[in-house]
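> Just dropping this structure here.
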Amino acid sequence: MEKKDVKIINQGLEDEMEVWGYRPCPWKMVLVAVGAVCTGGLLFLVLYWLPEWGVRGTCTRTPFIRESQTLLLRSTCIPVFEHFGPLACEKAGKNANGFQSGFNRRLFFEVNEIAVKVPSVFKLLIKEVLNPFYIFQLFSVILWSIEQYYYYAAAIVFMSVISIATSLYTVKKQYIMLHDMVATHSIVRVSVYVEEAMSTELVPGDVIVIPSNGMIMPCDAVLVHGNCIVNESMLTGESVPVTKTSLPSSGEDGAGVYSIEEHKRHTLFCGTHIIQTRFYTGELVKAVVVRTGFSTEKGQLVRSILYPKPTDFKLYRDAYLFLLCLVGVAGIGFIYTIVLSIINQVPAKTIVVESLDIITITVPPALPAAMTAGIVYAQRRLKRVGIFCISPQRINICGQLNLVCFDKTGTLTEDGLDLWGIQRVENGSFSPPEDDPANETLVRSSFVSCMATCHSLTKLEGELSGDPMDLKMFNATGWILEEPTEEETALHNPIMPTVVRPPKQVLPEVNQEVNLLSYEIGIVRQFPFSSALQRMSVVVRKLGEKRMDAYLKGAPEVVASLCAEDTIPESFTETLEFYTRQGFRVIALAHRQLEAKLSWHKVQNLNRDLIETNMEFLGLIVMQNKLKEETSGVLKDLRRANIRTVMVTGDNMLTAISVARDCGMITPHERVIVADATPPKDIQPATINWHYTENHATSKDNLEISLEDLGHQGYHFAMSGRSFAVITEHFPDLVQKLALHATIFARMAPDQKTQLVEVLQSVDYTVGMCGDGANDCGALKRAHSGISLSELEASVASPFTSSTANISCVPNLIREGRAALITSFCVFKFMALYSIIQYLSVTLLYSILSNLGDFQFLFIDVAIILIIAFTMSLNPAWKVLVAQRPPSSLISGPLLFSVLTQILTCLAFQILAFLWVRGQNWYEKWTPLSDANLTHGPNITSHVDHKNIRNYENTTLFYVSSFQYLAVAIIFSKGKPFRQPSYKNCKLHLCIVNCIVCVPHEWRITVVIIVLVNAAVSFLLEVQYAIGNFMCIHPTICLYRIQLGKTPRVRYMQVAQELQEDPDWPPKPATLQKNIFNQACQLITNSYLQ
């Protein structure tokens, strides 16, 4: 398609699209109508299957989108819609015109409703019947009826009706479930500023009031007044309530442009449950509507369910090419039949029918259903082990995974953190570690006050709820949290804060007890934790004091950068490194006393950057994050299977390295090279500092790159999110080299996790992502296979969800994926051979003006092919992961060798049997009055066989071909190393035995010998294929081929080959600067040439 008149929408976003506008063209429509009449409606079917052609064939392109009546987005035809620009934060906070001023805006926006219309059964039936598969079936049934194959045609019609009915029931049920899920909370009454209105009438810009008892959000809205406690499990799979605060209205943040991605902590998303709000007299909790209908977060989720992104997998592309080859074979048979029939002076009607019949034989109509069966069986087996799948087509892709990224906390390690101890700062240096922050001597310390106030906990039904780490930290203090009731907030103009205080204790001194009971701290303002900022803070006021205090907690490096240098101990770096090397998670605390002039209301409008500066460093909280029991064993299995593992975490670098060593992701003898990149500043270019975490040996002998073990080459790179961003921007030539060996990615923001998955995919890794579903949603969706560890049965954040909260689900999923992939190959090869074997039999019979009979076709297709095709998919996955991976392409040398040799073998033995029977002394050439029933001499019967069915050649080829179907079914039904051995598949062998028993026993021993020899030859050829395939895909063989200088196909192996020849890789401890001079020269040269 030409780029002329193209428009871009959602530029730079994940759903960026090119748009062309079209309007109807009368003369084109007339031509299409004439063509449809001339082709008997076939042209309409083609345009229905290819909507892009339909638009081009009936419309003309217009350069003005507003004048168009149809939009073409890539290759999809959809109704016209408007795309609106961003909303400024400052305007969002001040736009309170509400419902009345929204009248004009409603002219541009549709109804605020995620309408999932349930199609009628008639519409679904028409859509299903117009599927190319069923149109081909209809064509075949008509043709068979003309040939008087009534029984076979009736059987195919019966199976098609059952298939259509089952599909209609499933689709209808899914539509009803999705409609009920969406409609349950879509239409509610909301307060739009001062009036009551239905939620369907909301438009962007309306100001709505959030009730105190909560609600289900009917739209996406940004908070402008008040706070909310929200359950977002519907979107993220994370059941921990989240605190949402109002959008900043002043400072740099308030002057910026509102972005849903950057301001998630201030945005209430459609479909999420508002559990609790904080509202005050005269200051109701208000939010401005920013997105409605299908534009909301929930709407986009529903749209992705209704119109899922097509899975681009090589197997499916190759399957279409293979089918085209079969169509080519059918074309040859079509021409052969016509020429042969003309030579033998066959009537014209018979020529047309038999030549078309050869096409229905060559292209197997049951292929899609047979290939789907293996995926369905795999999905059921996954469900039995607690893995739920919402995208079944991705199961096959799991069989090709060769790299898996893991989140750390909650995935590799326990979700909950145990408080190991604290280390406070006194007089500018660290005091000895303490294990009990609830000690009476620490009650009034700033350190414990920070632990008790700097969190996002809330009380739901009398129980503390919030982030598990916050809960551990707060419970360690022993303090009590009290929240104001609705009555209290309604009686006071000032903001009623959440109050924390020490527990009531009986102390030796009465005065101390009184003083302690009066020691309370109110949380005036909260700045929630941000993954991007890696910190959170609160503004508090102690009872009886005029000044307010600010407390801060977060990543030690970030907190230290916000503190005054004289308050940071000199041993800060050494102490932090001491803990992180042992795998502890370390959190730093800081404090600042605010100016006395700041009032309660002024604090509500302050930017957090004004508060989080020049703070006093208080000390460290040391949390112990234990490995899950299953982690080490699973990673060992993945490593043994040559599946690379990568850690992507938001935790500290050294902590991540320590955990990686503890769990076996990095073995003791392997080195870690830290890539510490800094962005350009002033005239200083961007730099990368390479240093080794331990044993800083620089000998190239110890660090020589070897391709052995495909990715575990004795050294690993580690980098932070900051370094990752600098390298991708300023050192793009190093990205692929680092991607090949980087194992630790620490301090990674959620969007950086997604970028990392894209980088790994760019070097041809098939990437899996395993996370807890909270900050990993983007990466889970972007990976080839995302696995969410969640208690929910089906998480919308990823294609797969495990009910067991550990990574043991990963090898289970890969094993089932490999089994499903091999099953797809086996079924495809079997169905292709079935068509070709039948094609060969019919072609040979056509040479004597004969064909298979109605019941013979029925027996082959129903009693043999259909049953075996579905039972051969029942082999479960092999119990262990092996280093060998299944092939990913149907168009490969070994596989084509397997198919072609089996075809030639079957052809050879069919010709042998065909010629052998004609050479017998008792053979009689067919005449309309003969009945060759395998007895010597003519047999006269009252039945006249005008179609030449009952002859020696027919019977011989029928028996031989029937055994050939069974032979290739057994040979292609592969077992180890990806599936359980075929002899354990009792249902398959039961079906094969039944088919063999059905063959009459009166036939000649010679035919049995021919069949046995045929089976033996086919088996030996398939063994040769298996050996050839092993030589092509086994890692050791691949390594040997690369060392011989052969260029590998995948990009990451090409990079590995380049690095093997690079004497300066891996880098020694040094500093690498971006070459500004060369870059400037290049830019000048390019501009001069232009």
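Count begins at 1; order follows the chain as displayed.
Even glycines carry a Cβ here, placed using N, Cα and C.
TrEMBL: automatically predicted annotations, no manual curation.
Pulled from TrEMBL, these are the listed features:
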{"type": "DOMAIN", "residues": "14-75", "note": "domain 'P5B-type ATPase N-terminal'"}
{"type": "TRANSMEM", "residues": "29-50", "note": "transmembrane segment"}
{"type": "TRANSMEM", "residues": "152-171", "note": "transmembrane segment"}
{"type": "DOMAIN", "residues": "194-305", "note": "domain 'P-type ATPase A'"}
{"type": "TRANSMEM", "residues": "319-343", "note": "transmembrane segment"}
{"type": "TRANSMEM", "residues": "358-378", "note": "transmembrane segment"}
{"type": "TRANSMEM", "residues": "825-849", "note": "transmembrane segment"}
{"type": "TRANSMEM", "residues": "855-874", "note": "transmembrane segment"}
{"type": "TRANSMEM", "residues": "895-917", "note": "transmembrane segment"}
{"type": "TRANSMEM", "residues": "956-972", "note": "transmembrane segment"}
{"type": "TRANSMEM", "residues": "992-1017", "note": "transmembrane segment"}
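Context for these features, please: burial, neighbours, distances.
When pLDDT is averaged over the domain 'P5B-type ATPase N-terminal' (14-75), the result is 79.
Residues 350-351, 354-356, 358-359, 361-364, 367, 371, 828, 832, 835-836, 839, 843, 846-847, 890-891 of the same chain, all 6+ positions outside the transmembrane segment (319-343), place their C-beta atoms under 8 angstroms from a C-beta of that stretch.
Residues of the same chain lying 6 or more positions beyond the ends of the transmembrane segment (358-378) and with a Cβ under 8 Å from any Cβ of it are 133, 136-137, 139-140, 143-144, 156, 163, 319, 323, 326-327, 329-330, 333-334, 336-337, 392-393, 395-396, 816-817, 819-820, 823-824, 827-828, 831-832, 834-836, 838-839, 842-843, 846, 861, 865-866, 869-870, 873-874, 877.
Sequence-distant contacts of the transmembrane segment (825-849), counting only residues of its own chain at least 6 positions beyond either end whose CB sits under 8 Å from a CB of the stretch, comprise 315, 319, 322, 326, 329-330, 333, 336-337, 340-341, 344, 346, 354, 357-358, 361-364, 366-367, 370-371, 373-374, 860, 865, 868-869, 872-873, 886-887, 890, 895, 898-899, 902-903, 906-907, 910-911, 914, 926, 948, 951, 953-954, 957-958, 961, 964-965, 968-969, 972-974.
Sequence-distant contacts of the transmembrane segment (956-972), counting only residues of its own chain at least 6 positions beyond either end whose CB sits under 8 Å from a CB of the stretch, comprise 826, 829-830, 833-834, 837-838, 840-841, 844-845, 852, 856, 859-860, 864-865, 868, 872, 902, 906, 909-910, 913-914, 916-917, 982, 988, 992, 995-996, 999, 1003, 1007, 1010-1011, 1014-1015, 1018-1019, 1022.
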> How many of the residues that make up the domain 'P5B-type ATPase N-terminal' (14-75) does DSSP mark as helix, as strand and as coil?
32 helix, 16 strand, 14 coil
> Near the transmembrane segment (895-917), which same-chain residues lie under 8 Å Cβ to Cβ, leaving out any that are not at least 6 residues past its ends?
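Hits for the transmembrane segment (895-917): 825, 829, 832-833, 836-837, 840-841, 844, 887, 889, 923, 952-953, 956-957, 960-961, 964, 968, 971, 1006-1007, 1010-1011, 1013-1014, 1017-1018, 1021-1022, 1024-1025, 1028-1029.
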